[in-house]
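Structure first, commentary second.
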Amino acid sequence: MRAARGLLIAVGLGLAAYGGFLVLTEIDPSQWIGIAVWVGAAILLHDGVVAPVVVAVGLGAASVRGRVGDRGVAIAQGALVVGAILTAITVPALVASTLGNPNPTILVGSYGIALAVIWAVLLALAAIALRASRIAVVRAARAARTK
Amino acid sequence: MAGLTERASARIAERLEPLMGAAHDAASDPQVKSARTTVVVGRLLGAAFLICFGTGVYSHLLQDPLPWLPMPTRPVELYRVTQGLHVITGTAAVPLLLAKLWTVYPRLFTWPPVRSVSHLLERASIAVLVGVSLVEVTIGLMNLVQWYAFPFSFRATHFALAWVLIGALAIHLGVKLPVIAKVWRRPTGDRADATGRFVSRRGFLVAVGAAATSAVALTAGQTVPALAPLNVLAPRRMGVGPQGLPINRTAAQAGVTETAVAPDWVLTVTSPTGSRDFTLEDLRALPQAEEVLPIACVEGWSQSATWRGVRMVDLLAAADAAEPTAPLRIESLQERGAFARTEMPPQYARDPLTLVALELNGGTLDVDHGYPARIIAPGRPGVMQTKWLRRIEVTA
């Protein structure tokens, strides 16, 4: 274990150092600040915006789990995750489409329409799951009362 | 003065500690955001990063060959597979990376933030790993749509940061190895179907899996023919382009709309023994060969096509050049751009499948596909398949 850890850390330091060497030798010094800003901004954007929003959504989901039922909330959360990821990977195509490209064979899709359809399907799925789950919770509560 | 700073930092710490504690408690879920979940997701993410790194290095080696390392020319679809995999895996890494960060997010609010020098170094290495990972997938996705909104060059930065990422990943694995080994060696007591605070573990893993699967399913059709009908989110679409094939750079973008159709165009082939100019008629008069070879772009799209033209070996023989033993220098009519001049290692130049193509899919090459003549060789990136040929130089 000790040897494996030492080896991994040593190899990692070597690889990262080579990456740093490439940054210093292959990239113009005028671009270094931009790279540092992007790496720093990525951390801030994730830790300060994306992750807190996800925590807030999670707390919201946790607060309704009892009333709506675990299953429905889990499916709705899953739909939200899928929609958010598909949106995230399509943002570049959406933005680049508005900027235009002289090459007519790139950005050939209708990304806004595609995302709208995807969200409509996911939201419908979430709504059905939430409703079914809520009905089951209400029925279970009623059954428990009449027993 | 020192006392003042000390008092100030003590007061800041006093205020910050409960805030950090509250943030930690809000985000934490010991049952689902457990070491085991982190290892399960981290394993997949690590594999994805290794695939991206390996295929990325391979792509760079094809573009900047090492003289002592011959690259393979077979199978002809090899680069199509490696680069397709690079982009598909990078796309799948987006949900995996965010999921991995979700499981460890509460640790951001550890108190005290720094316990020792080694703890500081560990946190710094994690900051590098997280920041560089996020930037790599982001600029990778932006490059697919040619959206260059970042203040640095894509190719050099994506390559250099990949080494930093893989290095930081190895360090991270070294640091965390005891935790990983513990999860692997014995049951940790946290159940696979833990209910969790926000979502059950099973629900979380299914959601991440569904996100990764759908992201791949809806984009991979730009390179995997079987998935082409599902391709609604990728920048390219199979069959969309002149002669049913996408292009990376148009003749107008390359600034060759006039020179490519000039009536006095010739292809000059030079070698240590002499030089010969070939008109388009001369090239058409040479023995013609037809091959099915893919165009595989660094941006992750690819498509197979039928090319017809003169085999490189036949062209060099017609120019009385000896079989090349050193890279060919190939020039395009294109004046600017990193790939206006490229080198073709001798194993590709001698390959019978390598063509100076004059026709594509049964018709004369469209000007956007490189009219009057272009290179098409097996297993090479699209940027090296030089279009609008002007000159081929046999150096040895």
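Cβ coordinates are placed from backbone N, Cα and C, and glycine is handled just like the others.
Keep in mind that TrEMBL annotations are predicted by a computer and have not been checked by a curator.
Over in TrEMBL, the protein carries these features:
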type: TRANSMEM; residues: B:40-61; note: transmembrane segment
type: TRANSMEM; residues: B:81-105; note: transmembrane segment
type: TRANSMEM; residues: B:126-149; note: transmembrane segment
type: TRANSMEM; residues: B:161-184; note: transmembrane segment
type: TRANSMEM; residues: B:204-228; note: transmembrane segment
type: DOMAIN; residues: B:262-395; note: domain 'Oxidoreductase molybdopterin-binding'
Tell me if the transmembrane segment (B:161-184) touches the transmembrane segment (B:81-105). I count contact as 3 or more CB pairs below 8 A, with pairs 6 or more residues apart. no
Of the listed stretches B:126-149, B:161-184, B:204-228, which one has the most C-beta pairs under 8 A with the transmembrane segment (B:40-61)? B:161-184
The domain 'Oxidoreductase molybdopterin-binding' (B:262-395): mean pLDDT? 96
